[in-house]
Amino acid sequence: IGNKPLVWIPDPDEVWRSAEIIKDYKEGDKSLQLKLEDETLYEYPIDLQGNELPFLRNPDILVGQNDLTALSYLHEPAVLHNLKVRFLESNHIYTYCGIVLVAINPYEQLPIYEQDVIYAYSGQNMGDMDPHIFAVAEEAYKQMARDEKNQSIIVSGESGAGKTVSAKYAMRFFATVGGSASETNIEAKVLASSPIMEAIGNAKTTRNDNSSRFGKYIQIGFDKRYHIIGANMRTYLLEKSRVVFQAEDERNYHIFYQLCASSSLPEFKDLGLTCAEDFFYTSQGGDTSIDGVDDADDFEKTRHAFTLLGVKESHQMTIFRIIAAILHLGNLEIQGERDGEACSVSSEDEHLSNFCSLLGVEHSQMQHWLCHRKLVTTAETYVKSMSLHQVVNARNALAKHIYAQLFNWIVQHINKALHTTVKQHSFIGVLDIYGFETFEVNSFEQFCINYANEKLQQQFNSHVFKLEQEEYMKEGIPWTLIDFYDNQPCIDLIEAKLGILDLLDEECKVPKGTDQNWAQKLYDRHATSQHFQKPRMSNTSFIILHFADKVEYQSEGFLEKNRDTVYEEQINILKASKYQMVADLFQEEKEAVPATAVRKGTPRISVRSARPAFKAANKEHRKTVGHQFRNSLHLLMETLNATTPHYVRCIKPNDEKLPFKFDPKRAVQQLRACGVLETIRISAAGFPSRWSYPDFFNRYRVLMNKRDLCKNDKRQICQTLLEDLIKDPDKFQFGRTKIFFRAGQVAYLEKLRADKFRAATIMIQKTVRGWLQRAKYQRLRRATLTLQCYARRHLARRLFEHLRRTRAAIILQKQYRMLRMRQAFLRVRNATLTIQAFARGMFVRRIYHQMLVEHKATILQKYARGWLCHWRRLRARRQLQALRIEARSAQHLKKLNIGMENKVVQLQRKVDEQNKENKLLNEQLSMLTSAHSSEVEKLKKELQQYQQTQQGDGNQLLSLQEEMERLRMELERAHGEREVMEDSHSKERDLLRKRISDLEEENTLLKQEKEELNSRILCQSEGRKNSEENIQMKKELEEERSRYQNLVKEYASLEQRYDNLRDEMTIIKQTPGHRRNPSNQSSLESDSNNPSICTSEIGDTEDVIQQVEEIGMEKAAMDMTLFLKLQKRVRELELERRKLQAQLEKKEQEIKKSQVIETKTEVSSEHEDFAYNSLKRQELESENKKLKNELNELRKAIADHAMQNNSSNDVQDSYNLLLNQLKSANEELEVRKEEVLILRSQIMKAAQQKETGENMENVSPNASWPNSDRHVDQEDAIEAYQGMCETNRLELFQLDRAVFSGNPQRACAWAVCLQSSSNIKRKSLLVNKVLSESHILL
C-alpha cells in the first residue's frame, strides 16, 4: 500500500470508524499504524494466523450512491456509511441494495408523496430515478403487465421502522396509476380501508406511536387492462391481550381513545363514556395521549371511511356500542367472598348496567355467569363459584373475545365492500406484518410475531440466495457457493414435530397442564438444540436464537393465551342479544371452503380471514391460537412463493423517535438481521442480468454482421458477438439456455444498440432530408424567377404611369392654387380696407366726444374748486386766530421740554466723545508722521555717513538697500490697505444705492396702496346710508381736528422756544468762555417719569435752523442751563394741563351718554369699524412719531457736520437753501391746517343739524325743520376731502422728484411738510429715501 488509503476499524460506539494508514504495511507486520479523524494515532493489531486486514474505504466520489451494489468495496462499514451520508446530509430516506429497497424512517412528514411525484415515477424504469417506494410499486405493476404474473411487495422491519406507512403509499400508487375504469371508485375504497384498520388494529408502543398489532396481506385485483377491480384483506394474529393490558407508556387500540375523545357528541350520549383516564382498559399505560395526534379528528376520518366503504349508520353505531361496552366491562367492581374462593358483582353496578344495555343482554344472567361456571360430567351438571382471580381472567377473556369477533366482522365487511364480480386477471399483494420484537418481558404474542418473521426471512433467503445459486448450478455456470445464514433449524425448532408449538398444544390438552410443566418439557426435549437455551437464573423462561437476535420468553401465560378460553355460558348470553349484529358476531361458523385455482394450473389461494372458529359444544375453541396462526402462516408463504416478490426493508434509525438522527448501532443490527448485507455479497459476486439466447439474438441482432446472421446456430452467433463487444470474459457467462451478465453489462449493450440505431437513423434522415430540400429548392427557384419576371414588368409599367400622372397633377395644382390664392387675397384686401375705414372713423369720433366731455368737466371743476378754495380760506382764517390763542398754552410748552434734558446730555456726551476721539487720532497721526520723518532723516544721515566712511564696503551697501526695499514694501502695503478701504467704501456706496432702489419700489407699492384705499373710501361712502356717512365723517373730522390742534400747540410752543433760544445764543456770543451753572440748579431736578423723547419735532427743526443762521456755520455749543431754568415752569404747566384734561374728559363722557341712545341700532357695524380705525390711527401716530425723531436726528447731524466744516462756502449756501425751503414748507403746512379746520367745522355743523332733526322727529313726527338734511353741504365736504387727497398726492409726487433728482435739501423740505399727512407708511418710505440720499450726497 503506497498511497496511504483510508480504512475502517471497529469501534464500540460508532460500530465502524474511519482511519488513515500513515505507514506502509509489509507482510509479517503485527500491527498497522493508523491516524484517526481526530488526529490521534492508533495501532491496529493484525491476526497473523487469519491475516485479516481492515476494510478499505471507498473514495469520496462514490460515497452517496443510490445503489449500494455500485460501490467499489462492498462490505458492512461501506454500506453503513453510505446510508448515513444519504440520510443525514442529503435527507434521502430510500436506497437500493440490488433488488431490495432500504427505507429509513425519518420520523417527519416529507413532501415526496404528492400526486405529481406519483405521475413522475409512473412509466419509469427502476434505476432511472432516485430510489423510492413508488419506484418499487411501479416495477411490480410493470412486471405484472409485462410478464402476466402476480406480484407481491413484502414490507418488513422492526416495530416503528415505517412498514405501515410504506405499505400505505404503495397502495396509494396502485390506486392512482391503476384507477378503475368504471365509476365504482374502487381505488378510493382501497385507500379508505387504511384509516379503519389503523384505528382498530394499531396502538402506541414504546418503540412506535402507530404500531400495527396485527399482520395483513392486501391483494389488489386487476383486470386484463390492468385497472383495479377489487381488493381483499387477510389478517394475522391480532394482539388481543392489548385490549385488557398495556405496559407502561403504551396505549390500547386507537379506536378506544378516539371514541372517548368524541363522547361529547349528541349521538354518543347514551354510551355513558367519559375521558379515557376513567377506564381501566385505557389507563394502565399512564399517558393516554400522543404528541401531535388529535383523536377526535382521527375519529371523524374513521367514520368517513366507514361511510365510504358502505357500512350503514346503524352498524356504525352498533360497533361503537360494542367498543363502549368493552370499556364498561373493564370497570366492573368484583367483590371477593369467603377468602377469595367466591366473588360477586353488585346488581347496582353502573358499569354492569351500561354493559348489558349497550349489548342488549339480560342483566341478571350476565351478573350471575360472570362469577360462576358450569361443570358438565357424564352424570350431571354442576354450577361452581369462581375465585376472584378466575373471575378477572374470565372477564378479560370475554373482553378480548368480543373485540376479536368485532375485528373479524369489520374485516369481512371491508372485503365485501372491496369485492367485485368481474373476473380477476392478476393481483398485486402488499404484505404489512409486524416486525421482529424483543422487550424486557416477552410473552406468547412476541413468540408468534418472531416466528412469522423467521418464516419471512426464510422466504427472503430462498428467493435471494438459494434460488440464485440453484439457477447458476442448473445453467452450468462456474460458481463458488456463498455461505449464508439459513434459519431453517430455528423454524424446525418452533413448528416441527414435537417442536415448541406441538408441545404447547399438547400441554393445553392436559386437564391440569401448567406453564411450568410445559417449560420443563422444553428443557428436556430441546436442550441440545443450537437455537434453544435455558436461562441460568430461571426455570420458567427459555431463550431462542432468532436470525435477528437472541430473545428470552417468559412461559407464564402461554397456555392461557394459546387456549384463548371463553366460557360457553357467557357466549350464549351474547348470542341471545336483542341486537341482531351482536348476536351474529358469536354465531357458529363453518370452515371456509378453499377456492379454485388462480390461473394457468397454479393453485388459487383461499382468501379468508384467519380468525379462529368457535365451537359451540365445548367450553374452549376447537383449535388453539398457535395452531391457527401456523396454518395461516403456511397459507401466506404459499401465496408469496406463487408470486414475484419485491422487498422493502424498513430501518429504524433511533429509539427516541427523533427526526433525522442516525444511531449506527441500531442501524447495523437491523441491516444484519434483514439480510441486506447478504444481498450485497451475492449481488457483487453474481450475475444479476440474464437473457435467453433467442431473446438476446432478437434484441441485439442489429449489432451483428451479415456474415454471422447467415449461420443457423444462434448460440454461436451470440458468443461471437459478446466476445467481440466485451473484451473481459469475466463480465459474462454462457449457460445452457441463458446468458448471464455482470452488473452494468446489459446497460453497455443497450448503449451500443442505441448508438447503432442512432447512427442509422441519422444517415436515413440525412439522405431523405437532403433530397427533400433539393427538390423544394428547385421548385422554389423556378417559381421565384417566374414571379420576379412578371412582377418587375408590372412594376415598371406602373412606375411610368405614376410619373406621367404626377407631372400632369403638379401642373394642374400650380394653376389652380395660383387662382385660388389671388381671389382670397383680393377678398381679404377689400375687407381690410373697409374695416379700417369704419374703425378709424369710429375711433376719431370717440376721441372727439371724450375730449369734449373732459373739456366741459375741466371747466366745471375749475369754477367749483375755485369757489371751494375761496370758501375754505375764509373759514380757515376766521378760526386760525382762535386756534392760535388755544395753542399758546403752558401744556404745549411742557410737552416741548419733556425729556429735553436727557437728550441734550446724551448729545453733549456724544459730541465730547467724538471730539476726544478725533483729537486722539490727530495726535497719533502727527506722532507717526514725525516718527517716520525722523526715521527717514536718520537713515539718510546713516547712509551718507556710510557712503563717506566705507565706500568700498559692498556688504554694508547691500544691507542698506535691503532696508530701503523693506521700507518700500511697507509703503506699498500701506497703499494696498488704502485701496482696500476705497473698495470697501465703494461697496458700501453700492449697497446704499441698492437700498434706494428697493425703497423706490416700496414707494410705488405704497402709491398703489394709497390709491386702492382712496377708491375703497369712495365706494364705502357712496354705498352707505346718509346716517353712516355723517357719523364716519364726524369721526374723521374729530381726529383731524385733534391732530391739527396738537400741531398748532407744538408750533406755538416752538416759536416761543425759538425766541428764548435766540436770546440765549445772543448772550453766549457776548460772553465767551465757559460759564458755570447756578449751584441751585441741577440735572437731578428733572422729572424722571417724563419721557426722554421730544414730541415737538417741528420746533426742534426751527431751533436748529435759527442756530445755523445766527452762528453762520461756526461751531455752535449748546448750554444746558437754558433747559434747567425752564424745569419749574414746565411742572406748573403740567399741573394746569392735567386739570384741563380732567374737565375735558368729563365733558366728553356727557356727550357720549347723549349719543348712546341714538346709535343703538348701528352699534354692531359701527363698533367694528370704529375699533379698527382707532387701532389703525394709533399705529400710524406711533410710526409718525418715530419718523419725526429720525428726521430730527438727521437735522442735528447735518448741523454738526456744517459746524465742523464751516470753511466750505458751497455747503453753506446749500444748507441756507435747505433752511429756506423748510421755512416755506412750514408756512404751507399752516395753510393746509387752516383748510382742514374749515372743513371740519362745516362737517360738524351738518352733523349737529341732522342729530337735532332726528331728535325732533322722535318728539313730533309731523313737525318739519328747515335745513335738517343738507345734502349739498355733505357732498361739498366729500369733494373737499378728495381735493385735499389730491393735494397730498401732488406733494408726494414733488417729493419723489426731489429724491430722484438728487436734491436732498428740497427732499428734506418736502418731508417736513408731509409730517401732518395721515399716510404714515408712505411718509416713512419717503423719509428713509431722503435720509439715505442725503448721506450719499454729503
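Heads up, the Cβ atoms here are built off N, Cα and C, so glycines get one too.
Quick caveat, the model's predicted, so the values are computed rather than measured.
Checking the ranges 633-655, 679-701, 725-747 against TrEMBL, the region 'Actin-binding' annotation falls on 633-655. What surrounds the ATP site, by Cβ distance within 8 Å of the Cβ centroid and not counting GLY157, GLU158, SER159, GLY160, ALA161, GLY162, LYS163, THR164, is the set ASN105, ASN208, SER211, GLY435, CYS650, LYS652 from the same chain.
Every protein chain shown contributes to the tally, and the Cβ of GLY162 (ATP binding site) ends up with 27 other Cβ atoms within 10 Å.
On its own chain, GLY157 (ATP binding site) has ALA103, LYS163, GLY435, ARG649, CYS650, ILE651, LYS652, GLN670, CYS674 as residues at least 6 apart in sequence with a Cβ closer than 8 Å to its own Cβ.
Cβ neighbour count for THR164 (ATP binding site) (all protein chains, 10 Å cutoff from its Cβ): 23. Here the region 'Actin-binding' (633-655) has, by DSSP, the following mix of helix, strand and coil residues: 9 helix, 8 strand, 6 coil.
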